[in-house]
Amino acid sequence: MEYDLASLSGLFGHAFSMWWIMLPAIVVGLIAGAVPGFAAHNTIIILLPLTLALNVEYALAFMVALYCASHLGGGIPAILVNIPGTGGAAATTLDGYPMTRKGEAVKALSLCFVASVLGGFVSSVVTLFALPALSRVGYYIHSVEMVVVMLFGLALIASIAAKDMLKGLIAGAFGLMLGAMGADHIYATPRGTFGFLELFDGVPLVPALIGLFAISEALVMLESDALVEEGDQPKTAATWRESAREIFSAFSHWWQIIWTSLLGLVIGVLPGAGASIASFVAYQQSQFFSKTPEKFGTGHPQGVIAPESANNGVTTGTLVPLLAIGVPGGSTAAVMMIVLQFHGVPFGPRLFVEEPQLAYGVIAVMAVSYVMMIPFMFPMVRYMSRITVISTVYLAPFIVAFTLVGAFVPRGFLFDMGIAVAFGIIGYVARKTGYHVAAILIGVILGPLIERSFLLAMRISGNDPMVMFSSTIGNILWVMLILTLALPPIMSRRRAKLERLKDKSLTGPDA
Amino acid sequence: MSKTFDTAAFAAAATFAAAMGVIAPAHAQDADYPDTNVSITIPTGEGGGADRDARAITQVWSKYLDRNFEFSYYPGAAGQVGYEFFMKSEADGTNLMFSNIGPEVIMLELQDVPIEIGEDLVYIQKTSTEPMAIWVGANSEFETLEQLIEEAKTRPVTISVSRLPHPASIGMLALGEATGAQFNLIPYGGGNPTAMAAITGEVDASALPLANPITFGPEARVLGIFADENPVPEQTGNAPTVNEAAGTDLPPLTSSRAFAVQASVLEEYPERVEVLKQTIRETLADPDYIAAVEAAGVPAAFIDPGDQEAAMSEAAETAELATKYRELLTGDE
């Protein structure tokens, strides 16, 4: 499609004209994202009777706006109460919650919302112009390359483990072991299921997230009276002025937001990848390129921005294979495809030939959804940060009750509530003994994904391990991965050495 | 703007109300069937081919069976999880399984699943039947099945399949056995990722039910069909049958979607089963349903109102095939 000012303004103008369907979708999406257990795809499935009945254009606008808003909403509980509602928000807890504990909830929420909105908007606009190029990414990144991309995310365990390497690695390995449970990808042989049919699909992610983070956090919370650390409690509620100031100052991180959202976009385009991989990789890369990597994990703004802008970049990315090739890249896109098929709308290249306004309109709707979310940011920052002043005596039981229901929702198994409790105990013991729960979680999330790609690559090659080094792009990624792992310790040793020399020269021979 | 908005807003409100069950359905309830929702178990993931087909059927089915339909998805362990959970649901005819007979009967035969077709579960009514197909992405170097087979005689050719226990996998293994070609089957765990692997060139070719490459349009090129004749020559570029192209004598390999109930339902609630069969058949003949199938890009020729006998006979034939190729499919090669 040739872009000129008229066609672009037509696209965006048309997208804005559907505000009446997008605004309720944004509200539903924000709630679905913020409530653990309700992700975009299961909310869209619940609402399928509605979207199937709507005109296809309105249906798509509704689903796309809901999808985008759910990714923004996911960061809220991650920051305020250390509960990532989805895998994509798990990395947000690493710095978001420490900020809340330091009394900086308003700032953390502002960073999260601005990163989500700006990141999502930028990646949508880039997609609009670069769709043909983006759709080619999937032709070059196959299972081998996916293994390396996911190893970037796994490498985060090493940085989390930096403070206590042995415990960090043990936690990561424990997570990987849990992630290996379930039927294997090739022959569907059950492994470590203890005879429970409910574990044949592996450890269910949402109950594991809820247990490791929410329930263990609620138990820890009960040990103190307030969520915010002593002396850091805000004296008054956030004002409109303060909320606006924090939101506007969050825009100063625009460069990091842009590059991490583009990273999320590219990862989102890859088949089999998704928000959790993107957010972990973006966090890990942000730490690598940061001038203050040591601050990550202690409540660093960059640690909130990276995962949030990346997981919103993914939202556009997952639609690219559906729009450009006709094969959905993720579960949400797959459900959207059903709606397209139901209305007899062609998808893939035929969509661009036969209904270009609809094809490009979807991406424009995505960009406009993010613009429409801007007014939501101000009241959300102002009022949601008030959660932190609720006494833990009320907050902790509420979190346990609320999230246990969330553990039940995705699959409807009572068994999953038990899983959440079991993981809650694991998480609590891990926290009390100095094992990082995020390291366990990274293993649980990325383990099965890496295993799948690894097995596919090995089977394609006829079980030749050298296949891992058989592609140019893969080899470039390997070099980058090695540099990512090797450079920080080398640099810090070099810095320490320079400091020692500097100290020596300052104290000098006269000292 | 105001008119557009008013109409659109009213339409949205009305559909929302309808979706929430606020607007009462206009037609009468069927007396022989309980006045509760019909729960449909799909042993594959949401957004897949089974989900697409189930949605298309139920949209029209509600004309004849005035109930709401609920869906649950259990894709684990090649569908085993779905079957086992379905068997635990109440056997009263309001819980149905929407099956894909071919791959699922093979799964039940090969995996350690305590379910016997016929004794525990019965396929009561088919909805569609389609043959398996070998196809490549539009950018593939292979133009014909002969070329693919020749190449597979010199090196193992990679074929993406949805799962190993699948009629398409059996077809490829049988073809390899008959021609001396080496096919390395790569199970991607679902139709969409399987297709993606072929389209993006990660694998040399793919073997899936024929509706898949047809729905991908120009992104896919069908090389051969496991059937006695090509049922949809216009939509497949007049692709030959596998036997024509390879000079083999393989049996047709098809898979049918069908509704199933627990076997005890047939004895305890025969009248409910009759209502189900009758209304499904009416749905399959409804022009709205035929239009919905065609709109989804699936040929209407695949609609198959085969009865219980036909469905169970297909299940028995598939079970035989699974037994024959057990070793190759279970990795005990």
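Each Cβ is built from the backbone N, Cα and C atoms, and glycine gets one as well.
Remember, TrEMBL labels are computer predictions, not curated facts.
Quick look at what TrEMBL annotates:
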- A:22-441: domain 'DUF112' (DOMAIN)
- A:12-32: transmembrane segment (TRANSMEM)
- A:44-67: transmembrane segment (TRANSMEM)
- A:108-131: transmembrane segment (TRANSMEM)
- A:143-162: transmembrane segment (TRANSMEM)
- A:168-187: transmembrane segment (TRANSMEM)
- A:257-283: transmembrane segment (TRANSMEM)
- A:319-338: transmembrane segment (TRANSMEM)
- A:358-378: transmembrane segment (TRANSMEM)
- A:387-407: transmembrane segment (TRANSMEM)
- A:413-430: transmembrane segment (TRANSMEM)
- A:437-460: transmembrane segment (TRANSMEM)
- A:466-487: transmembrane segment (TRANSMEM)
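Only pairs six or more apart in sequence are counted, and the transmembrane segment (A:358-378) with the transmembrane segment (A:387-407) gives fewer than three Cβ pairs under 8 Å, not enough to call it a contact. When Cβ-Cβ distances below 8 Å are used as the criterion, the transmembrane segment (A:413-430) is approached by residues 171, 196, 198, 203-204, 206-208, 210-220, 403-404, 407, 436-437, 440 of the same chain, each at least six residues removed from its ends.
Outside the transmembrane segment (A:257-283), and at least 6 residues removed from its termini, the chain residues within Cβ reach (under 8 Å) are 71, 86-92, 94, 114-115, 118-120, 122-123, 126-127, 134-135, 137-138, 141, 146, 149-150, 152-153, 156, 296, 303, 305-318, 320-321, 327, 329-330, 442, 445-446, 449, 452-453. Of the candidate ranges A:12-32, A:437-460, A:466-487, A:12-32 has the most C-beta pairs within less than 8 angstroms of the transmembrane segment (A:44-67). If one looks beyond the transmembrane segment (A:319-338) by at least 6 residues along the same chain, the residues whose Cβ comes under 8 Å of a Cβ in the stretch are 40-41, 44-45, 48, 60, 63-64, 67, 127, 131-132, 134-135, 137-138, 268-271, 274, 347-352, 359, 362-363, 366. Only residues 6 or more beyond the boundaries of the transmembrane segment (A:466-487), in the same chain, are considered here, and those with a CB under 8 A from a CB of the stretch are 140-142, 144-145, 147-149, 151-152, 155, 158, 284-285, 288, 457-458, 460.
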